[in-house]
């Protein structure tokens, strides 16, 4: 198999060994769940249950507000204890707190919806929208929005992202090994919605068993191609993945649909399968719990709303004092200040690093080695953007195309002087965007 | 759970490589040529090298102390500068010459401009230019390798015919192994290439600058030397081209950032080297050509920007 790739990128250590051969297990249901009303990019949901209400598994508890939004559902049956601000992975947010009655009663709305052949594209799109499916790779963009491109944009390709280029994480890897058919089914459903006849499933070549399993599962589908990707970070970044598979560059500042492509994560596709065949909305997901501070690293199927603390205790707790607890992978994940945060739709990993690994390196002078320029997958010059940003010179940072940064973190990773490159570029991006908003008002 | 968790911006994983490991690699790459220099030129070379190293490290430490900055002599960069200064000086030079050169390189060219990463030209080459202008006699008293050192001329001076016309030019084999007159570091081409290959293998430098630099010199000397391949090969291995192309022109802070910029820069180095060697007053042109292109590097960086991913051609 010829390996596809993009120009630039880095080779961080994989660190996937400790969980890649562990079968996905169902996590124990917790007594109390904290289900955030915003688990997606876009407008937060409005709670449609009241304190004291009884809810069932799969029951909608938050209604989407606006088009770019996605409903949330209860992942257990029980009683609504409170609707209040709680710690969530991005800070604080409104959550529906549910007390689990452990009866696991399924809501009446959860019934099989049919199959690909019996449903029309529009019906599948409605199922996806009502199931609250968002990008499960971590970006959490509402899926139905991606699948509703404007009429003038011709989409001809769907790519499923099975690269899982983040070190440590193995959730997608296990999914592709254990449920390859549901991934293929989900892809076919997405292709039907968009009315396209070319589908790719891209997988990094450090998962040869997953490639094999997916090739086998897609063997009868002549219009679905499983492609091997070179193991290189950020191979799973949307624009880089599109380039690897189709040789098309998404225009600067544009969305993938401008290159005629829609990209979804493999886990998202598998959820589409679940929601069509069982009617169950997105209420649970596979998450990798790993890192040097965790006693028993594992891949768990977790009910959304379960706290990190609960999950970490199920994995034997910490074997040494944790320095950082990260939602997601080590390259783009979000550090958490408390373990009270719940697992959400976009939580692909809980990574716990020990003190030593978590300690921030001391930055020294930029030696202008140019390594950040060599590896930047967006072909930027991170050192110059960063230098201007650190001097509050955001106009110059914009001249150096700060807004084209995809925030993959490769520059900070490679920097021998350990400079806060991405961090300062993020500051520049935020300032530039704020400035633009002000001007357009 | 009461322990405090660290909050920081991603990425949470950093590569192992740091400034000191890069500089240490450069020192390792210079060791074979250093040993060869001591083998050919004996205690004179050893004295020059030690004097240059002491000058570099001591002045860096003192300078940073005086400026109330953290002392960073353990990042190996002063050692690299000291070694390169020594490599630019003949083995017969009095011991104060390398010392003064190193102090100039570190204090004036490096620390006064802001320390590592801020030098606008290669410190060692700037020191060489200063020394050559100030003490031309001491800086050009070449001796033959071996215990009974007699004065000689460099191979490039011989083929240029500027001096000592009656001397036969050294054999190609002597050029490769370093059995020739010249600065300490201009000697063994083969060992310098070995060091360069090590730097390429370790990812400290890329092939771009050395390849385009050496390639340009080869092509131009071929064109203007009457298509005499042997003469062009001689130009490649004589003088400071190898050390210049692998160790000096590739200096991070005084070379351009982008690959395209580096190509322009390296071709410029090659063209200037050839011009100085063939038509200039000096037999050797490597150091001045690199210094000139060092000064042009910020200009190149200003005008040569990479095409951003997804940028639409205008």
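These residue numbers are counts, starting from 1, taken along the chain as shown.
Just so it is clear, glycine is given a Cβ too, placed from its N, Cα and C backbone atoms.
Here TrEMBL flags A:366, A:369, A:372, A:415 as [4Fe-4S] cluster 1 binding site. Under the DSSP three-state reduction, residue A:369 ([4Fe-4S] cluster 1 binding site) is assigned to coil, being neither helix nor strand.
Per TrEMBL, [4Fe-4S] cluster 2 binding site is recorded for A:376, A:405, A:408, A:411. Around residue A:376 ([4Fe-4S] cluster 2 binding site), the C-beta neighbours below 8 angstroms that are at least 6 residues distant in the chain are A:8, A:382, A:410, A:411.
What TrEMBL records for A:356-388 (among others) is domain '4Fe-4S ferredoxin-type'.
Within the chain carrying the domain '4Fe-4S ferredoxin-type' (A:396-425), a Cβ under 8 angstroms from the stretch's Cβ atoms is held by residues 8-10, 12, 233-234, 237, 239-240, 252-253, 331-332, 361-367, 369, 371-372, 375-378, 380-386, 388-390, 432-433, all 6 or more beyond its ends. Residues or ranges marked as domain '4Fe-4S ferredoxin-type' in TrEMBL: A:396-425 (among others).
Annotated region 'Disordered' per TrEMBL: A:1-21, in sequence order. Within the chain carrying the region 'Disordered' (A:1-21), a Cβ under 8 angstroms from the stretch's Cβ atoms is held by residues 167-170, 173-174, 202, 205-207, 211, 227-235, 240-241, 243-245, 288-290, 297-299, 330-331, 374-379, 410, 413-414, all 6 or more beyond its ends.
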Tell me the coarse DSSP state (helix, strand, coil) of residue A:411 ([4Fe-4S] cluster 2 binding site).
helix
Looking at the binding-site residues A:366, A:369, A:372, A:405, A:411, which ones have a CB within reach of chain B, meaning under 8 Å Cβ to CB?
A:366, A:369
What is the separation, in Å, between the Cα atoms of residue A:405 ([4Fe-4S] cluster 2 binding site) and residue A:372 ([4Fe-4S] cluster 1 binding site)?
12
Inter-residue C-alpha distance, residue A:366 ([4Fe-4S] cluster 1 binding site) and residue A:408 ([4Fe-4S] cluster 2 binding site) (nearest angstrom):
20
For the recorded [4Fe-4S] cluster 2 site, enumerate neighbouring residues of the same chain (Cβ within 8 Å of the Cβ centroid of A:376, A:405, A:408, A:411, site residues themselves excluded), in sequence order.
A:372, A:375, A:377, A:378, A:380, A:382, A:406, A:407, A:409, A:410, A:421, A:422, A:425
Cβ within 8 Å of the [4Fe-4S] cluster 1 site's Cβ centroid: which residues qualify beyond A:366, A:369, A:372, A:415?
A:367, A:368, A:370, A:371, A:382, A:383, A:411, A:414, A:416, A:417, A:419, A:421
Segment-level pLDDT (mean, integer) for the domain '4Fe-4S ferredoxin-type' (A:356-388):
94
